[in-house]
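Novice: This is the structure, below, for whatever I ask next.
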């Protein structure tokens with residue numbers, strides 16, 4: 001039984017890696033998109049549509065100020081959250097409303113939210129793809145950081 005569980009986790013991770021980080025397409029399709037979010041449903045093996053996303057920026061006094069918001073498309077993606085001009089160096093938090101997503105599917109999840117906190121643009125201007133693989137009782141995240149393409 002443990003082998004089957006590990007195999008399932010491995011296969012879900014494989015799907016996640018092949019779907020979550022297309023280095024070529026992000027830069028070429030969204031060359032003006034400095035921050036893109038992608039969400040995958042590990043239970044159904046598909047993009048997670050209609051997941052509410054909020055992005056916060058840490059202020060100089062340590063508080064979090066809402067910076068951007070959106071919902072994932074049928075492809076599990078949120079584009080155009082911000083512009084190159086507004087996405088300056090700083091600490092950001094991406095909040096995934098996982099509870100509402102799972103409850104809409106008739107499941108009772110453990111997490112209310114999944115958060116990813118990261119420092120952006122501290123080594124020069126970059127483009128970021130934040131990807132999350134969700135299940136009702138766990139989540140995993142990864143990031144693809146690339147130089148912007150003209």
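Each residue, glycine too, has its Cβ placed from N, Cα and C.
According to Swiss-Prot, the signal peptide annotation covers 1-20. Residues or ranges marked as sulfocysteine in Swiss-Prot: 33. What Swiss-Prot lists as L-thyroxine binding site is 38, 77, 140, and the listing cites similarity to another entry.
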Novice: Using only the Cα atoms of 38, 77, 140, which the record gives as binding L-thyroxine, return the largest interatomic distance in Å, rounded to a whole number.
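Specialist: Pairwise Cα check on 38, 77, 140 gives a maximum of 16 Å.
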Novice: Given the residue listed as 'sulfocysteine' and residue 77 (L-thyroxine binding site), what distance in Å do their CA atoms have, once rounded to a whole number?
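Specialist: One finds 12 Å between the Cα atoms of these residues.
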Novice: Please state whether DSSP places residue 33 (sulfocysteine) in a helix, a strand or coil.
Specialist: coil
Novice: Taking 10 A as the limit, how many CB atoms besides its own sit near the CB of residue 38 (L-thyroxine binding site)?
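Specialist: Counting Cβ neighbours of residue 38 (L-thyroxine binding site) within 10 Å gives 26.
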